[in-house]
Amino acid sequence: MVSETTKIYLIAFHTSLAGMLWGLDTGTYSFSDMDQFTSSIGHLSSSVLGIYVACILLSASLSSLCSGYVADLLSRKYGILTGGVVVLLGTIISASATTLPALVCARLITGIGQGQSISVVTIYLCEISPHEIRGTVATMLQLLIVIGIAMGYFISYGPSQIDSSLAWRIPFIFQASMAVILISGMAFMPYSPRWLVQRGRIDEARAVLQRLRGNSGLVEEELRLIQGSLEEQSREHASYREIFQK
């Protein structure tokens with residue numbers, strides 16, 4: 001029988017695969033130095049390579065600005081899942097690209113998905129975890145990002161001896177497979193109890209907390225805390241303008 005704490009860590013690990021996808025992308029762009037890539041796409045000057053590497057940050061920044069709205073509208077778990085679907089689309093296009101413009105467009109698409117999913121992961125993890133381990137659980141995302149970067153370097157080096165364009169396409173194929181794993185698992189992840197309460201789905205929130213906590217007394221107490229927090233939040237009105245006011 002899996003304990004409630006172990007269950008939270010397993011959920012956190014799977015959800016944080018969104019961070020691993022980011023790390024894999026960061027660790028694999030060195031494929032542009034491969035002769036197999038040059039013969040397929042052409043040589044990239046330092047300026048073009050810089051644009052190619054940076055464009056994912058541009059699209060990720062833009063999508064992250066909308067991620068909160070998507071997470072509130074669709075739920076935290078589907079905010080992550082939809083981001084994973086977009087990443088999957090981008091990596092498939094990258095793996096099958098035959099021109100530089102196609103690679104750039106694919107990278108922009110991938111960035112949209114990564115900005116969306118990564119921005120929601122920490123929110124989701126904090127909202128499903130008990131306060132005793134919340135800090136540890138929230139760091140899972142950063143851990144998987146670093147692991148993804150390390151894996152990316154090895155995944156780029158491994159196929160470099162293949163004498164075809166498959167040498168630089170394999171890293172994208174691996175990223176796509178990880179995106180499929182993320183998407184498949186997120187469909188079975190629990191909703192955020194806080195999001196359910198926010199939507200007025202109290203009974204569903206209670207059921208999720210019972211699944212994650214086990215102790216019915218703690219469930220009712222946490223449910224009251226969530227409701228109280230949301231009521232207090234609804235009474236407070238803030239704007240971006242207030243940030244710049246003394």
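The backbone N, Cα and C atoms fix where each Cβ goes, glycine too.
Lifted from TrEMBL, the feature list:
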{"type": "TRANSMEM", "residues": "7-24", "note": "transmembrane segment"}
{"type": "DOMAIN", "residues": "11-246", "note": "domain 'Major facilitator superfamily (MFS) profile'"}
{"type": "TRANSMEM", "residues": "44-66", "note": "transmembrane segment"}
{"type": "TRANSMEM", "residues": "78-100", "note": "transmembrane segment"}
{"type": "TRANSMEM", "residues": "106-125", "note": "transmembrane segment"}
{"type": "TRANSMEM", "residues": "137-156", "note": "transmembrane segment"}
{"type": "TRANSMEM", "residues": "168-191", "note": "transmembrane segment"}
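Contact between the transmembrane segment (168-191) and the transmembrane segment (7-24) is present: at least three CB pairs lie under 8 Å, with pairs separated by 6 or more positions in sequence. Residues of the same chain lying 6 or more positions beyond the ends of the transmembrane segment (78-100) and with a Cβ under 8 Å from any Cβ of it are 15, 18, 21, 40-42, 44, 48, 52, 63, 67, 70-71, 106-118, 120-121, 124, 169, 172-173, 175-176, 179-180, 182-183, 186-187. Within the chain carrying the transmembrane segment (137-156), a Cβ under 8 angstroms from the stretch's Cβ atoms is held by residues 8-9, 12-13, 15-28, 30-31, 118, 121-122, 125-126, 129, 168, 170-171, 174, all 6 or more beyond its ends. Sequence-distant contacts of the transmembrane segment (7-24) (same chain, at least 6 residues past either end, Cβ-Cβ under 8 Å): 80, 83-84, 87, 114, 117-118, 121, 124-125, 128-130, 133, 137, 140-152, 155, 171, 174-175, 178-179, 181-182, 185-186, 189-190, 212. A Cβ distance under 8 Å defines the sequence-distant neighbours of the transmembrane segment (44-66), meaning residues of its chain 6+ beyond its ends; these are 25, 29, 32, 83, 100, 103-104, 107-116, 118-119.
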